[in-house]
Structures are given as C-alpha cells and as structure tokens.
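What follows is a short report on a single structure.
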Amino acid sequence: MRAILDAHPDVRCGGETMLLPSFLTWQAGWRNDWVNNSGITQEVFDDAVSAFITEIVAKHSELAPRLCNKDPYTALWLPTIRRLYPNAKFILMIRDARAVVHSMIERKVPVAGYNTSDEISMFVQWNQELRKMTFQCNNAPGQCIKVYYERLIQKPAEEILRITNFLDLPFSQQMLRHQDLIGDEVDLNDQEFSASQVKNSINTKALTSWFDCFSEETLRKLDDVAPFLGILGYDTSISKPDYSTFADDDFYQFKNFYS
C-alpha cells in the first residue's frame with residue numbers, strides 16, 4: 001500500500017522510519033511522568049510530540065504536496081495521532097491473519113508482542129490488536145478507511161480509486177505500476193522487511209503463500225484464538241480458502257460495523 005501511494009506524483013511516504021512506533025509507545029509513558037507531575041499541560045506535550053513526528057516524517061525524504069507515513073502498527077495509536085493531526089486521514093490495511101503470521105515467521109520480522117516460535121500466541125496477539133485497530137478506525141468516520149489486502153490485489157484499479165477518492169487525490173495510473181518507479185518516485189529503506197515484496201508488481205501469488213504452512217491442529221484452533229478472523233469475513237472452515245468473494249462487486253454492502 002505504501003509503495004502504491006508513493007507512486008502518486010503528489011504523494012511522498014518514503015521508507016519506514018522504524019522509529020515512530022517506539023516513540024509513540026514511549027510518549028505514552030512520558031505523559032504519565034511529566035504531564036501529571038511537572039505542570040506541563042497536555043497541549044504543551046502534544047505540541048512537542050507532534051513537532052518531533054512532523055520533523056521525522058517531513059525530512060526523512062523529499063517533500064511533496066501530500067506526506068504520509070507507514071510504520072507497522074502505528075494504528076494502535078490512532079486516537080493520539082488523530083488528536084495531534086486532526087486533519088489527517090488514515091488507511092487501515094487488513095489481511096488474513098494466517099498470511100500475516102506466516103509472513104512474520106518466514107521473514108523473521110521482529111514485531112513487539114509476537115513470539116515467532118509460538119504460532120498460537122501470534123494469532124492471539126493479532127486478534128487483540130486488529131480488534132482494537134478496527135474499533136478505533138470505525139470510530140473515526142471520514143478520517144479512517146479500511147482496505148482489505150485480498151481485495152486490493154484482485155481489484156487494484158477499483159480499490160485504488162476508492163482510496164484516492166477518500167484522500168481527495170486525483171487518480172494516477174502510476175499507482176498501478178509502482179514497481180517501475182522503485183528508486184525514482186518510490187524510495188525503499190533496505191532495512192524494511194517488506195522491501196523485497198514492494199519491488200514486485202501487484203499480483204495474487206501472495207494470497208496463497210501461507211497454504212500448507214500451518215498444521216491442521218493450529219488451523220482448527222483459529223475460531224477460538226482468533227475469532228476476529230471470521231468477523232472480518234475470512235473463511236476459517238477450510239485450510240485453503242477461496243478469496244474470490246473479496247473481489248465481488250457487492251463486497252462492501254455486506255460489511256458490518258466491525259468489519
């Protein structure tokens with residue numbers, strides 16, 4: 001998603017800062033220590049936090065009319081970021097937890113709270129965090145949009161148009177060929193764990209990359225350890241689900257508040 005946005009001539013996201021998720025966690029602790037005990041008001045603290053974030057986002061790559069940032073799990077801090085940037089808009093990317101967990105394990109991605117040697121605990125963690133992020137996104141109407149990975153790669157033109165409309169951006173054909181703009185419009189941070197994937201064109205191969213990678217015992221437990229999968233519309237009844245329903249024209253008509 002980040003590379004697709006970066007391909008737009010009016011947008012610059014740049015590579016993952018790999019700093020802001022930790023900073024957002026730290027500032028929560030600082031608020032308790034300083035705002036409550038030293039006379040520093042929330043407004044003053046917010047100004048300081050937003051100034052730091054703005055400097056990082058604005059200056060870690062070239063300027064553009066519209067700036068964006070993509071760092072894993074920053075959506076967990078959506079209420080705070082909305083307060084700091086009341087005119088900002090947010091995209092919550094949603095993907096099948098089985099693909100997410102497989103990707104973390106396969107690429108050895110270090111994400112706080114995820115123990116890659118314990119698959120079940122990873123699904124539990126995903127369930128908790130996605131539920132929280134989805135709830136927070138749903139409570140930011142007009143500011144936050146949910147985008148399903150499985151729909152984006154099957155209906156890229158339609159979904160990208162939906163996204164640009166939400167962001168009040170003109171549609172750009174360049175967004176459909178972000179891979180051709182790597183190193184030009186699209187900058188990569190070689191330390192990003194997703195760098196190798198970003199270099200690929202939009203394709204459906206990743207949909208089934210997790211097939212045959214989990215034991216039947218693990219898959220049978222999903223409804224208990226990650227029930228939010230079903231709420232989001234993912235089929236947990238079979239080991240190799242068909243994602244074609246995510247490409248249906250009426251896909252969004254059957255989405256409830258939680259999904």
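Backbone N, Cα and C define each Cβ position, glycine as well.
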Review point. Mind checking which of Cys68, Cys137 has the disulfide with Cys13 in Swiss-Prot?
Key: Cys68
**Study point:** Arg107 (3'-phosphoadenylyl sulfate binding site) versus Glu16 (active site, proton donor/acceptor) - Cα distance in angstrom
**Key:** 16
Review point. Can you tell which of the binding-site residues (Arg95, Arg107) has the fewest other C-beta atoms within 10 angstroms of its C-beta?
Key: Arg107
Check your understanding: Roughly how many Å separate the Cα of Cys68 (disulfide bond) from that of Asn115 (N-linked glycosylation site), to the nearest whole number?
Key -> 29
Review point. Where the distance is taken from Cα to Cα, which of the recorded positions Arg107, Asn115, Cys137, Ile202 turns out closest to Cys13 (disulfide bond)?
Key: Ile202
**Study point:** Euclidean distance between Cα atoms of Cys144 (disulfide bond) and Arg107 (3'-phosphoadenylyl sulfate binding site), Å
**Key:** 29
Study note, to complete from the structure: Students should find that the Cα atoms of Arg95 (3'-phosphoadenylyl sulfate binding site) and Cys137 (disulfide bond) sit apart, in Å rounded to an integer, by 15
